[in-house]
Amino acid sequence: MNFTESSPLAESTAIGFTPGLESLTPVPSNETTCENWREIHHLVFHVANICFAVGLVIPTTLHLHMIFLRGMLTIGCTLYIVWATLYRCALDIMIWNSVFLGINILHLSYLLYKKRPVKIERELTGIYHRLFEPLHVPPDLFRRLTGQFCMIQTLKKGQTYAAEDKTSVDDRLSILLKGKMKVSYRGHFLHNIYPCAFIDSPEFRSTQMHKGEKFQVTIIADDNCRFLCWSRERLTYFLESEPFLYEIFRYLIGKDITNKLYSLNDPTINDKKAKKLEHQLSLCAQISMLEMRNSIASSSDGEDGLHQFLRGSSSLSSLHVSSPQQRSSTKMKPIEEGVEDDDEVFEPVSPNTLKVHHLP
């Protein structure tokens, strides 16, 4: 039977080295909790973690929450580098936090650059504060809109901005900055255009799908005027790339067209009242629209009715005076103020008898 006897020299050698190995190699413990806790780290370490915690609990509803977050992370990484270099002497901790510090500094610089005050030209501050700022258009976006493909032009008193049936509507879109313009149709005055209003908004909206059309009205400078003019084609491409600004323009142009309709041929509308139209409709403007509708509805020739309205006839009875050139329509009758009924408006009128219907 083979067996190996232990050598006394080997036993003594093993016995001699055992205490040294026990002192160098920690004996693992079966328990899950630490028995010997190390001493607490330096105060710099705890302040750094407090900065991280404060940055993470900043609410997102705060206006500058991203700037505050990146600022607190930058301070925390800086304190970690100080702690790792002076008190821990840990090269790996210092390197990693240096990388994090560089990233946060770059991001913080970018955020501060975006929040820099944007300078708007003095002539354009009026339309920005009145039209675009209430709709939350940021200054940098407004500057992009007005700084690349538009120019400020001047018209002297009496000069023509657009001539009826001559000037193309495809070239430009303009906002009046200073002065006053007069709009007329076949020599009849329609309305005025005041500062901070679009000059050719109806043409811009009505001809978006058609090319080569001409102005149906004449626009003349009634004073020395300055206006902001966009290239229509380049503006269209720019708005396609900015959906938010595209919706803003749709709203502003629609509101401007509404104001022009309600101020149509109303001599009482001046600059101050034109500003009030942005908030509520004036009574005289409603009467003007009612007269125009009744004028056209009570005449077989729509142009004759429009000419009567443009002559400033304030009484509806004058529109019903029998004449060789004016006869009652067999399809429509004037719309009266109040409840409108489709059956009554479009009811054919007998040439011999006139029936009066009462609302139930």
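Placed from the backbone N, Cα and C atoms, the Cβ positions cover glycine too.
Taken from TrEMBL as is:
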- 337-346: compositional bias 'Acidic residues' (COMPBIAS)
- 41-266: domain 'POPDC1-3' (DOMAIN)
- 317-360: region 'Disordered' (REGION)
- 40-60: transmembrane segment (TRANSMEM)
- 67-87: transmembrane segment (TRANSMEM)
- 93-113: transmembrane segment (TRANSMEM)
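When Cβ-Cβ distances below 8 Å are used as the criterion, the transmembrane segment (40-60) is approached by residues 68-73, 75-80, 82-83, 86-88 of the same chain, each at least six residues removed from its ends.
If you average pLDDT over the domain 'POPDC1-3' (41-266) in this model, you get 89. Cβ atoms under 8 Å from those of the transmembrane segment (67-87) belong to residues 41-42, 44-45, 47-49, 51-52, 54-56, 58, 93-94, 97-98, 100-101, 104-105, 107-108, 111-112, 115 of the same chain, restricted to positions at least 6 beyond its ends.
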